[in-house]
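Down below is the structure, laid out as structure tokens.
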Amino acid sequence: MGVSVLTFHVSLFLKRILSIAFFLLSLSTLLRIVNAQQYVDNNIGSMVLSDYDFAETPSVRVQRALEILRYYYEQEDVTYEEIIIQRNHAIELLRSASHDNNTDAMLYLANIEFFGLFEIIPEIEDSVKYYDMLQKANGSAFANNMMGFFYSTSFSEYASNNPALARIHWELAAKQGSLDAHQFLAYHNLIALNMPQSDEEAVKHYKFISDHLFEEECGSNVTYLKCIWPEIQDYNFAGENGMGVYGAASAYTYSDAYQALHTRSQYLREMSNSIEDWDYELMFEVAKLRLHGMYKYPRNYTVSDVLFRKVSRQYWPYTSENSVLANTPQSIISLAAQSCGYLGLLHLFDKGPLFDIDKAYWWFKRGATKNDSNSYYGLGYMAYHGLTSNGVDREKGMRLINLAVMNENPHALMFLGLIRLEEARYEEAYHLFLRAATQKSVISYKYLADCYYNGTGTSRSMISASLYYKKFVEAIRASATSMAIALEEIDEYGYFHNSFVYYLYAAQMGYALAEINAAYLMDENKFLINSVFRYFNYTQSEQEAAHDKFAYEFYSRAAAQGDIDAIFKLGDYYYYGIGTPKDYSKAYTCYKIAYEQSSIGMGLWNMAYMHEYGIGRDQDIYIARRLLDELSSNQNSYFPLKVAIFWINIHQLYIKLLKLLRLR
């Protein structure tokens with residue numbers, strides 16, 4: 001919409017450059033494979049299994065195949081052709097073992113063929129065959145999960161869409177305790193995806209996973225650090241440098257994950273400088289980031305401890321509480337106090353070498369002098385449980401906890417909520433959990449879901465319980481999903497097929513981030529030029545049409561979960577008629593929702609354009625101008641905004657001139 005000639009030609013030029021680069025890369029890879037295949041054809045005799053191979057037991061053949069693969073793929077002085085020969089020999093060993101009903105061989109072959117491991121071209125037909133053999137041989141939960149996945153996605157003609165079979169396979173896996181199967185069933189029941197909508201079924205499966213995770217991951221202890229500071233989910237690939245489907249203009253750039261990545265990139269730039277020259281606000285953010293951890297920046301409590309200490313010393317340079325640096329800026333004092341609170345929590349709740357109650361108390365006392373809420377909570381917790389030399393003092397503990405609650409501290413809100421729950425003051429407990437949830441306390445999601453499920457302090461609501469259980473499950477299980485592997489496959493190895501499959505697997509479990517990435521990888525309209533061609537009825541192939549339909553479906557699913565970029569993308573799909581008939585009214589609604597929920601400038605821009613030209617709206621240049629005026633506070637929109645307003649003025653004069661001529 002409103003495409004300039006310059007943008008058109010730049011986009012076209014970049015697309016041609018990318019096409020040439022991909023062609024050369026593909027040609028190089030193809031020549032390498034052809035040369036390797038010629039070498040293999042000339043040495044085919046060495047790949048034929050001997051009588052000795054067949055004399056071995058199936059288990060020995062599997063073991064030898066794995067040793068061959070491990071050895072040749074770890075050696076640096078072996079030629080590529082030799083690796084291919086030995087790889088094929090190993091696969092033949094696995095195939096012979098699978099024919100003798102060895103279930104390990106079936107599993108290895110299924111994964112190799114499906115995910116294209118060891119540089120094998122993925123063969124969906126073979127992978128379906130081996131997964132099917134495996135689940136029939138021993139009822140493997142993993143094989144049943146994969147068969148359910150095949151049937152739920154119409155992944156190929158070898159396993160067409162069959163919701164009934166998908167459900168059967170997942171239920172078989174769920175009965176064996178597979179958390180993936182429970183998550184598949186929960187999400188599909190929740191949104192009526194290829195099965196009847198059922199809040200009761202959804203909550204049943206989500207509750208099973210939540211209870212399991214709460215016991216295994218949190219140890220039924222709300223002070224477990226991985227639950228206090230959950231992992232940041234930075235598994236996004238979509239867009240330039242993972243910035244979101246619209247690059248720098250994406251709503252994703254305002255997310256916690258992107259802000260964490262931005263902090264990490266600043267940190268990497270600062271590493272070349274002496275630590276004394278660092279910006280202390282950045283140091284504080286990096287320390288917090290190390291508490292949570294993320295795919296590209298794992299958690300490290302020791303590093304957090306060092307950085308927080310460094311920040312705290314900017315106000316308390318010595319061990320004495322009264323020894324402070326005069327004329328310290330208030331911003332540094334605030335960071336130093338917050339650092340003390342984090343240090344106290346680390347020493348109090350760590351299960352490793354950082355655990356030290358005396359140090360925790362010392363840090364909390366410092367932070368409390370500057371009204372740090374974590375420090376109030378820590379001192380209150382220790383007094384309530386008698387963890388200091390003064391023994392149990394619940395009155396003092398509650399007084400300090402309430403000070404933290406007044407500052408909306410999520411840990412204190414949870415602590416007080418649990419106390420109210422024990423006292424059977426259910427309504428108060430429910431509202432405290434709700435307040436903690438607004439502060440993104442992961443543990444509170446579990447307790448809120450329990451409240452809705454049991455009708456504790458609020459009316460029963462299976463849909464609300466399902467949604468909160470879902471938030472808890474997805475926060476705790478994120479690192480155990482296939483999204484991390486998906487990002488690695490595409491970032492490290494450039495295997496788009498494998499990455500797509502991994503994202504698709506997580507998408508079927510209900511992760512909105514996986515849904516938008518699966519859609520993006522299948523999206524034929526990543527660039528503006530693609531959408532313009534579609535707008536003017538550009539002829540497309542059957543494959544492109546199938547890709548459009550797939551992308552539309554998964555963008556729609558992510559949009560239904562509240563992903564702003566997906567909502568905006570859906571607006572584009574309705575506007576240009578991609579994967580769905582053109583519907584300007586729905587497009588306008590999507591742009592409006594995207595703007596209202598995130599203040600994304602492009603939404604307002606497109607709404608103004610539609611009003612200016614009367615597309616799906618009554619033509620009204622005055623409304624268009626008013627909408628554009630709202631963008632004036634956005635620095636990134638300054639120049640295009642001035643151009644657009646200038647053009648609107650010209651357009652307005654043109655319309656007035658036409659009216660004048662008609663009057664004559």
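Quick reminder: no glycine exception, Cβ is built from N, Cα and C everywhere.
Over in Swiss-Prot, the protein carries these features:
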type     : residues : note
CARBOHYD : N101     : N-linked glycosylation site
CARBOHYD : N138     : N-linked glycosylation site
CARBOHYD : N221     : N-linked glycosylation site
CARBOHYD : N300     : N-linked glycosylation site
CARBOHYD : N371     : N-linked glycosylation site
CARBOHYD : N454     : N-linked glycosylation site
CARBOHYD : N537     : N-linked glycosylation site
REPEAT   : 179-214  : repeat 'Sel1-like 2'
REPEAT   : 337-372  : repeat 'Sel1-like 3'
REPEAT   : 410-441  : repeat 'Sel1-like 5'
REPEAT   : 442-477  : repeat 'Sel1-like 6'
REPEAT   : 601-636  : repeat 'Sel1-like 8'
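Feature annotations (Swiss-Prot) mapped to structure.
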{"residue": "N101", "record": "N-linked glycosylation site", "contacts (Cβ under 8 Å, 6+ apart)": "P58, A137"}
{"residue": "N138", "record": "N-linked glycosylation site", "contacts (Cβ under 8 Å, 6+ apart)": "T103"}
{"residue": "N300", "record": "N-linked glycosylation site", "contacts (Cβ under 8 Å, 6+ apart)": "R290, G293"}
{"residue": "N371", "record": "N-linked glycosylation site", "contacts (Cβ under 8 Å, 6+ apart)": "A337, N407"}
{"residue": "N454", "record": "N-linked glycosylation site", "contacts (Cβ under 8 Å, 6+ apart)": "R460"}
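Sorting the repeat 'Sel1-like 3' (337-372) by DSSP state (H, G, I as helix; E, B as strand; all else coil) yields 25 helix, 0 strand, 11 coil. Under 8 Å from some Cβ of the repeat 'Sel1-like 5' (410-441) lie the Cβ atoms of residues 222, 228, 345, 373-374, 376-377, 380-381, 401-402, 404, 447-448, 451, 456-458, 468, all in the same chain and six or more residues away from its ends.
Averaged across the repeat 'Sel1-like 6' (442-477), pLDDT for the predicted model comes to 97. Note on the repeat 'Sel1-like 2' (179-214): residues 141, 144-145, 148-149, 152, 161, 163, 166-167, 170-173, 220, 446, 449, 453, 462-463, 465-466, 469-470, 472-473, 476-477, 508-510, 557, 560 of its chain, located 6 or more positions outside it, place their CB under 8 angstroms from a CB of the stretch. Among residues of the same chain six or more beyond the repeat 'Sel1-like 3' (337-372), those with a C-beta under 8 A of the stretch's C-beta atoms are 223-225, 228, 284, 287-288, 291, 301-302, 304-305, 308-309, 311-312, 315-316, 321, 378-379, 381-382, 387-388, 400, 407, 411. The DSSP breakdown of the repeat 'Sel1-like 6' (442-477) into helical (H, G, I), extended (E, B) and coil residues amounts to 29 helix, 0 strand, 7 coil.
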